[in-house]
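Encoded as structure tokens, the structure appears first; notes follow it.
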Amino acid sequence: MAELFYDDDADLSIIQGRKVAVLGYGSQGHAHALSLRDSGVDVRVGLPEGSKSRVKAEEQGLRVVTPAEASAEADVIMVLVPDPIQAKVYAESIAPNLKDGDALFFGHGFNIRFDLIEPPAGVDVCMVAPKGPGHLVRRQYEEGRGVPCIVAVEQDASGNAFALALSYAKGIGGTRAGVIKTTFTEETETDLFGEQAVLCGGASALVKAGFETLVEAGYQPEIAYFECLHELKLIVDLMYEGGLEKMRWSVSETAEWGDYVSGPRVVNDQTKAEMKKILGEIQDGTFAKNWINEYNAGLPKYNEYKKADSEHLLETTGKKLRKLMSWVDDEA
Ligand code: NAD
Ligand code: MG
Ligand code: MG
Ligand code: MG
Ligand code: MG
């Protein structure tokens, strides 16, 4: 059974007694920095000279210094720069400014799990990973709510690393919703698997294949778009509220019967065997190695895939249709 922690289990004064550096001011960085500040924590943001995010952070009342200065000032350093550049930022700006007793924090375990960053023994190594996009983390905090977080300690040099991590999670509203204890290994491997096999990869591939099947059979792309992409949100909302059961309660009996008999033909034993292969490549480091190589090569394949999908009939049809639905926000 998972260990769960709420507001009463976390002591905010621990993080309020530390100096926190938030490196990066993107999706997660802005949410952590602003919410910690609003929770009474001493925060500085670390961004390179000339970074576009600098003005935004300053406008929002935060003090911005370089990543090296922030790391030198602080005794808790949260690394919220993109995963593929964390090792470089660590070597150049963090490592030279790490002292025994400092704590190194992450929002995702990638660099620790795959040994791209190897912190010294005298430093606490913790993770506070909100299970939601950064903009929601911030919005929920402002509304007095929170996004659930998962928290892990990889290295407990101080003997108090977990209490420190829980305190940090409280500072961004995480313990309002609930915090689950995990490990860097479990978080990294399940996060990568989930986004590849189900949430991003699996869902996009399913939508595309369904759309293509209908269009290739001569149906109108607009009809195929509504059926295979637009309606997915309504279905997922029901699953989110009440699991598969609530979704099946809401759809017609005909849809429910079709779900039982056809779903397992689409996602079948072969699909699951492929999922196991994907998980294996995550666990043995193959995915991480290939991704870092792709990133360092300047993202040639990444850009190719991105371009191909942006020109796909599913996307061009959707763009046109969403423009006509004023309540659907195409910007966010
Ligand atoms: P992002 O791409 O939104 O933002 C990255 C930020 O880092 C930007 O402000 C950028 O200006 C800054 N940056 C780039 N180079 C820098 C450098 N050399 N020094 C300092 N700052 C630099 O990133 P993100 O999506 O917020 O991801 C940050 C971390 O949070 C990652 O580890 C990611 O896996 C994790 N995470 C993200 C989400 C999410 O909602 N996006 C959810 C959970 C965990
Ligand atoms: Mg320091
Ligand atoms: Mg992820
Ligand atoms: Mg229907
Ligand atoms: Mg129906």
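Including glycine, each Cβ sits where the backbone N, Cα and C put it.
Whatever TrEMBL says is automated annotation, not expert-curated.
Just so it is clear, the model here is predicted, and its values are computed rather than measured.
For the domain 'KARI N-terminal Rossmann' (2-182), the model gives a mean pLDDT of 97. According to TrEMBL, the feature domain 'KARI N-terminal Rossmann' maps to 2-182.
In the three-state DSSP classification, Ser53 (NADP(+) binding site) falls within a helix. For Tyr25, Gly26, Ser27, Gln28, Ser51, Ser53, Gly134, the entry in TrEMBL reads NADP(+) binding site.
Among the features that TrEMBL reports, active site is placed at His108. The Cβ of His108 (active site) has 19 other Cβ atoms within 10 Å, all protein chains considered.
Per TrEMBL, domain 'KARI C-terminal knotted' is recorded for 183-328. Here the domain 'KARI C-terminal knotted' (183-328) has, by DSSP, the following mix of helix, strand and coil residues: 125 helix, 0 strand, 21 coil.
Under 8 Å, Cβ to Cβ, and six or more positions away along its own chain, Glu227 (Mg(2+) 2 binding site) finds Gly210, Leu214. Summarising the annotation, TrEMBL assigns Mg(2+) 2 binding site to Asp191, Glu227, Glu231.
When Cβ atoms from all protein chains are considered, those within 10 Å of Glu195 (Mg(2+) 1 binding site) total 13, not counting its own. Residues or ranges marked as Mg(2+) 1 binding site by TrEMBL: Asp191, Glu195.
Cβ neighbours within 10 Å of Ser252 (substrate binding site), excluding its own Cβ and spanning all shown chains: 9. Under the heading substrate binding site, TrEMBL lists Ser252.
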Out of His108, Asp191, Glu231, point to the one nearest Ser51 (NADP(+) binding site) in space (Cα versus Cα); all of them are recorded positions in the record.
His108
Could you find out if DSSP has Gly26 (NADP(+) binding site) as helix, strand or coil?
coil
Can you list which of the binding-site residues Tyr25, Gly26, Ser27, Gln28, Glu195, Ser252 have their Cβ under 6 Å from some atom of ligand 2?
none
Quick check: of the recorded positions listed here (Tyr25, Ser27, His108, Ser252), which one has the Cα closest to that of Glu231 (Mg(2+) 2 binding site)?
Ser252
